[in-house]
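Q: My structure is below; once you've seen it, I'll send some questions.
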Amino acid sequence: MDYTLDPSMTTMTDYYYPDSLSSPCDGELIQRNDKLLLAVFYCLLFVFSLLGNSLVILVLVVCKKLRNITDIYLLNLALSDLLFVFSFPFQTYYQLDQWVFGTVMCKVVSGFYYIGFYSSMFFITLMSVDRYLAVVHAVYAIKVRTIRMGTTTLSLLVWLTAIMATIPLLVFYQVASEDGVLQCYSFYNQQTLKWKIFTNFEMNILGLLIPFTIFMFCYIKILHQLKRCQNHNKTKAIRLVLIVVIASLLFWVPFNVVLFLTSLHSMHILDGCSISQQLNYATHVTEIISFTHCCVNPVIYAFVGEKFKKHLSEIFQKSCSHIFIYLGRQMPRESCEKSSSCQQHSFRSSSIDYIL
């Protein structure tokens, strides 16, 4: 959904209107006046997302050792967010200068963005289905919720689906010179306008409508089951995933709504100069909001995850003990024992596993 690289709509490059499809109305268009501020914004997002999601991966791999299928999904979700922000360093340079990385990297960077978006939404959807099975169909879940199922079958299927959904979006990406400035963007003319509308609806359907429908079904069933059974352990088991789902919807729904309205505008169902300018402005705002989601999940884990902060503390203590040993010092015995608990502590894996 990287409209950051679509010059006809976003903050990432100057406006360009192929043929007469999106010719500017009379009056001032929304232009990018503060490139430096936007570049700083991308840098901050990249740093915080890289740090936060790397810590999540470290906790899952080192402390929890990927003991259950939920850990596998959380690991893939963190990888999706990292893939999403891979484009930010390129976009930062793009803000300050021009696209100097060539056509291949134009498609590759855009591809990482789209794959990161799709895979993130798909894994959140998969986690919701997983919680549904664990709570509503606990006996059946014990049979199907295996590490092998999560790592080989479902995870690979999600990544493959995300890649396949991305390919049509990359066909029209190219590098061209506008007023002597190299730009990376998706180009549509009168003949290919239908593909722009198709890809917009594809993102609406695959990135929001289908996941949202599954979310609603799963959590209505889960809440009904919890209301009937009053199981405190099951309530704790779904809380974190539910918060992640709600946060993702809050960050992505506004952009998808604007994307849908933009498709209607391209089809001339919505028309007029005022609507065009309002959609351009709304795209700027909702795009920036959606970008921020890549930093949110680690923050949620830190505040909601019961064991996440504990695992981070154990990793930090263990690192400190190694530093002290390297420096020829000794830590107090109690600290050393606590630092080693990260590897010695065992977690019970069942159909209702605790998350971080």
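The backbone N, Cα and C atoms fix where each Cβ goes, glycine too.
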Q: Decide, relying only on Swiss-Prot, whether Lys35 and Val136 lie on the same side of the membrane.
A: no
Q: For Cys184, what is the disulfide-bonded cysteine listed in Swiss-Prot, choosing from Cys106, Cys229, Cys273?
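A: Recorded partner, per Swiss-Prot: Cys106.
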Q: Between the transmembrane segment (204-223) and the transmembrane segment (282-305), do 3 or more CB pairs sit under 8 angstroms, pairs being 6 or more residues apart?
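A: By the criterion, they do not touch.
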Q: Just counting, how many other CB atoms are there within 10 A of the CB of Cys184 (disulfide bond)?
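A: There are 29 of them.
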Q: Around Cys106 (disulfide bond), how many other C-beta atoms are within 10 angstroms of its C-beta?
A: 24
Q: Checking distant contacts: for the transmembrane segment (147-172), what same-chain residues at least six beyond its ends satisfy Cβ-Cβ under 8 A?
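A: Result: 66-69, 72-73, 76, 107, 110-111, 114-115, 118-119, 122-123, 126, 186-188, 192, 195-196, 198-199, 202-203, 206.
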